[in-house]
4 protein chains.
Amino acid sequence: MAGNSFGKLFNLTTYGESHGPALGGVIDGCPSGIKLDLDEIQNELNRRKPGQSAIVTQRKEPDTVKFHSGIFEGVTTGTSIGFVIENTNQKSHDYSHIKDSYRPSHADYTYDKKYGVRDYRGGGRSSARETACRVVAGAIAKQMLKGIEIKAYVSGVGTMKLDTPYNDIDLTQVESNIVRCPDQDMAAKMETYIKEVRAKGDTVGGIVSCIIKNVPVGLGEPVFDKLHAQLGKAMLSINAVKGFEYGSGFHGSTMYGSDHNDAFNNDGTTKTNYSGGVQGGISNGMDIYFNVAFKPVATLIQKYETIDKAGNTVEMQGKGRHDPCVVPRAVPIVEAMAALVLADFYLINKLYNYQV
Amino acid sequence: MAGNSFGKLFNLTTYGESHGPALGGVIDGCPSGIKLDLDEIQNELNRRKPGQSAIVTQRKEPDTVKFHSGIFEGVTTGTSIGFVIENTNQKSHDYSHIKDSYRPSHADYTYDKKYGVRDYRGGGRSSARETACRVVAGAIAKQMLKGIEIKAYVSGVGTMKLDTPYNDIDLTQVESNIVRCPDQDMAAKMETYIKEVRAKGDTVGGIVSCIIKNVPVGLGEPVFDKLHAQLGKAMLSINAVKGFEYGSGFHGSTMYGSDHNDAFNNDGTTKTNYSGGVQGGISNGMDIYFNVAFKPVATLIQKYETIDKAGNTVEMQGKGRHDPCVVPRAVPIVEAMAALVLADFYLINKLYNYQV
Amino acid sequence: MAGNSFGKLFNLTTYGESHGPALGGVIDGCPSGIKLDLDEIQNELNRRKPGQSAIVTQRKEPDTVKFHSGIFEGVTTGTSIGFVIENTNQKSHDYSHIKDSYRPSHADYTYDKKYGVRDYRGGGRSSARETACRVVAGAIAKQMLKGIEIKAYVSGVGTMKLDTPYNDIDLTQVESNIVRCPDQDMAAKMETYIKEVRAKGDTVGGIVSCIIKNVPVGLGEPVFDKLHAQLGKAMLSINAVKGFEYGSGFHGSTMYGSDHNDAFNNDGTTKTNYSGGVQGGISNGMDIYFNVAFKPVATLIQKYETIDKAGNTVEMQGKGRHDPCVVPRAVPIVEAMAALVLADFYLINKLYNYQV
Amino acid sequence: MAGNSFGKLFNLTTYGESHGPALGGVIDGCPSGIKLDLDEIQNELNRRKPGQSAIVTQRKEPDTVKFHSGIFEGVTTGTSIGFVIENTNQKSHDYSHIKDSYRPSHADYTYDKKYGVRDYRGGGRSSARETACRVVAGAIAKQMLKGIEIKAYVSGVGTMKLDTPYNDIDLTQVESNIVRCPDQDMAAKMETYIKEVRAKGDTVGGIVSCIIKNVPVGLGEPVFDKLHAQLGKAMLSINAVKGFEYGSGFHGSTMYGSDHNDAFNNDGTTKTNYSGGVQGGISNGMDIYFNVAFKPVATLIQKYETIDKAGNTVEMQGKGRHDPCVVPRAVPIVEAMAALVLADFYLINKLYNYQV
């Protein structure tokens, strides 16, 4: 109810502040009998962790996940899976400058007004650090969904856009550069650009795209819990996301029905895929693809004016180790959230055709 | 679980097929003591109903809502509100052509594969006819949220776009034309265009924008249930929606942080509003605004080839009374869903600052 | 959230006041492909309806259920099932005596304090009339659970108790008398007793017992959602229920472990069944059996003193057509709630052993 | 869905096996601004912990709770509260005897059949060790509910019963003896009796009663989520519970309405309280009281025959450190579950009278 849970059958509940002793979570509803590759889960965390490359925040956090329950001799038991990621790098900073002031386009103001109190250290609960827990759960969901391929990549940094149609993307190239853009030339340009932006103490937005292959027909529930609606919610819940579109997306709104309709092949696949793999909220077996827009990070390494709790103007100076552009690190988070959505619908779908 | 419910505290559960005896729903969690204007609820339904103008489907349905419970002497009692909308215009068509065939970009194929059976008459449960129930519940939510202004309008039809910044829109003009575009010149062009599209038996997509004013600070829950994430899900759950963006949206992904950050005024309002009224998933009191992209309607009044259940190619001929462009009728649906999201968060927010 | 929904996967949401135009509900999550016997559903309603025998309220209500959706050509489609039961016997009584007064041991006082308003006619939402909707949904759940036998019966009226051990009860005899007690001699005595109580304008409590046979192993979820915990909640949610015990029940609290433990047979069944078919919250395949205690109906056909809203003492006179003892009509309600619990766990259980 | 969560608004999700590295949980929905007494939380855990007295299991576990989030400078922040209790006494026993065998009246058989795998060490997830997490959350709920007094006590051990009416119980005496029976003479007899039972390697059942004072009017939701129904579920979800009754309970089923009705005083209180503080599922401000029946512990320190996975008869010998009677340690668990139920309804109730 208070927003810290995601999913109905494959349910993740998380906790943790940026500078508290630990983050953690509980996965309830993971089926029994899944042999987990724990290294692979840690690998996913490593793709998200700070300090991994020259274009992300240089903060050092090992982000090591420890499992407390629900796994016995490497296999899920069907009971709830508890896990913890300790915060090892909570420097005892002086936070007095941030304690009573509201940074622009952060959650300082809204948390304070909503709750009356807040853990202001490093953004507290509003920090994107909480997404580490999503990656852990998403990695388990991926293993449950063996056979379904969920791959995200960077398709935009600032005004630089990768225009390649989704079905021409070479997904094997995503991890071959630190931007996580599958086109090496574009990746090189984006990398240079991000470094320039950082040198100015500025930040820039970007776009993460995602393609999901081998989805069985039938995932998603009609009316309110359409597959793409839940995917949209999942993506919009990631810090800094401003927009979501799937299939033909915003461009589709400019098209004629006679161009947009996806004619069937005789095997039930479609000749085009403007639908983005979803019809009537339910997967049709074609590739699912979507775009997620991220705003520029709000923390600038610049001097600026803002207000304090009393409404007085105060001068602040951004400092520390921050991401100039979040999209490279957002790639595994987008994948994790997609995996959570699919895992949930996968389980729900096992129920509702009674004969099966 | 099976997708027919929306909202946690202000919860709507709906039922009904396009050509069954009736649609209906139950609202659970509406507080007691709200004096309802029942005519206003019917008015909202009338804004959505077929046959209301020259550019929408000419099917005739009175869409009269009857309340069965939860309202006593015009006031909500706190018990569940049951309501019914009878289907009066279910002609005993011959549906044999649709019974065993899958129309392209409809839900025929996915429903059949998911459930094994389906009510094929008029699309059954997948028909946008179910949104009538959303409008009823949204109209009650609006009355609960007295003071908060939720106004949607058509900002795009095909490639025609209204580029006016959100804060320059004259919301009093929305209902002054049948397109529901607040710019009269643009509305006239759009109307002409829609008629041309229909004359060809074709359809076209469009965009509905929405502005919400006077939102109290504090609505929305952190992490997974961010205000904009739930708004996104709500909009994406409407039939034919392909994308959602709020505040700076997709354009925001191209911006620098130094341009995108919303500097504070001393009263806590912000000088710009790229955030779209939401920071950290929680309303900050500024206007909320967002765009919703609709694909073109899949039903064309044209001849086309498709497949039947057995995978054979069959020829079909679209006929009947259909919308050439859904956005004029989608305006009240977008408002209703926004109202449901706000109502839910409004109630949740009453809880979580203990001192209040 | 506001209490009008039951079940997670097989979910029922109901509405309706005693004297409003209709009661109704929505079943969300019923699987597709179930061929429903609609007459059998009506039969279950008839077992609950007023006026069915000489020892129940003589109010006349046909309690005819109409289905609005979710069933197509007699088969469930997997979409939500909406249904309505019209109230045909809402006489335009003069309710002024009840409007401003609080009847003892009714919900008048608590509803008024909680909600500020209430539909006082016939008890409004607090009337046991709402259980008709439970019976409809339970009847559908029973048909989904084909093979599992759920049978309730009256085992106590006032101090008269049927002491037969559960496995010696002849369940075929339950419907052979109007008390619904499977022992004909005891039934005759109970009938006479109930008539005597009614003649005095008084009421008396009783006990309904229930036996469930052929339950598959594995229903129920550990920790908070144990099978018997959910059964207990289901039963305690029925109007007038004061207690629930299963298996050895309260008597089991007086026993030694060495007597109470159920030793295994080699096939996994147990020699005794003090466990009541549930171990660790999960069904073990043995018969489930439990007792439900009902208090005496609060409405007496007698003169009594009570208070009005202002706290003044007022004199009231119970009148009308009321049940002298609820247990005969409670039998199908107990069965219905048990069916809803089992249906929910039946669906949940299909998920959580991944190999299956 | 899989049973590891309790509560809607004040929600607890737990994890942990008896012999895993740790137990833990997340509380989501605890309001902000509550100054927590952390020592008091640990005190509640100490009341439950093993080894606390001569009549409970002599296993040693410090059961120290560590909080990871949601509390800042001693005050709740409104974000999710994560906590962990490390298992320090997981001896590397030889569990081969238990690994492939099913102990009678334990959950070994049902877990194995349901999940296909299980952590057999010490009962795994089915161990009552998980209730430690309930006590942590309940202790926080108690602090949120300041002013409401929730007190449980032992009223029965085997056939020994404390018959004192609930309103004559001296609750200040509960903690003055190790049985937690408020009558000192009875407590002494019970203590002697429990020691005798243990000396024989046997166990015995018992009853915990609970009284809740100063409950505001209005807690509980009508129809399915009645206050006593949720209390019943909460109690029945505790390991070894076989029955629940509130107010007049099972005895009430033998009474006449003319005796059972609770006549009003002019201030809205009632002269008698057979209703047990709840009418129509909603608290009426009178004391709530109820009884919870516990079966005898299944683990005997005796030799017995049972079966293994293959269905072969095997001989086993109970050993180790076990409780001869659970009720003394169950007292804080009953209180904790009652607190969780009340906390949830307390929050829900803040919503549904709109004027307030």
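Numbers here mean position along the shown chain, with the first residue as 1.
Heads up, the Cβ atoms here are built off N, Cα and C, so glycines get one too.
Those TrEMBL annotations? Automatic predictions, nothing curated.
TrEMBL annotations:
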- A:ARG48: NADP(+) binding site (BINDING)
- A:ARG125, A:SER126, A:SER127, A:ASN239, A:ALA240, A:GLY280, A:LYS295, A:PRO296, A:VAL297, A:ALA298, A:THR299, A:ARG321: FMN binding site (BINDING)
Message: Given the binding-site residues A:ARG48, A:ARG125, A:SER127, A:ALA240, A:LYS295, which pass a C-beta cutoff of under 8 Å against chain B? Sequence order please.
response: A:ARG125, A:LYS295
Inter-residue C-alpha distance, A:VAL297 (FMN binding site) and A:ARG48 (NADP(+) binding site) (nearest angstrom): 16
- prompt: Quick one: largest C-alpha distance among A:ARG125, A:SER126, A:SER127, A:ASN239, A:ALA240, A:GLY280, A:LYS295, A:PRO296, A:VAL297, A:ALA298, A:THR299, A:ARG321, binding FMN per the record, in angstrom?
  reply: 45
- request: Determine the most Cβ-crowded residue among the binding-site residues A:SER127, A:THR299, using a 10 Å radius around each Cβ and all protein chains in the structure.
  value: A:THR299
Message: Please report the distance from the Cα of A:ALA240 (FMN binding site) to the Cα of the residue listed as 'NADP(+) binding site', rounded to the nearest angstrom.
response: 15
Field: Other CB atoms, at most 10 A from the CB of A:ARG125 (FMN binding site)
entry: 30
Message: Within its own chain, what residues at least 6 apart in sequence put their Cβ under 8 Å from the Cβ of A:LYS295 (FMN binding site), listed in sequence order?
response: A:SER105, A:GLY205, A:ALA240, A:VAL241, A:LYS242
Field: Distant-in-sequence Cβ neighbours of A:ARG48 (NADP(+) binding site), under 8 Å, six or more positions away
entry: A:ASP63, A:THR131, A:ALA132, A:VAL135, A:ARG329, A:PRO332, A:ILE333
Query: According to DSSP, which kind of secondary structure is A:LYS295 (FMN binding site) found in, if we only use helix, strand and coil?
result: coil
Field: Of all listed binding-site residues, namely A:ARG125, A:SER127, A:LYS295, those lying near chain D with CB under 8 A
entry: A:ARG125
- prompt: When you measure from the Cβ of A:VAL297 (FMN binding site), how many other Cβ atoms are you left with inside 10 Å?
  reply: 24
- line: Mapped onto three states, the DSSP assignment of A:ALA240 (FMN binding site) reads coil
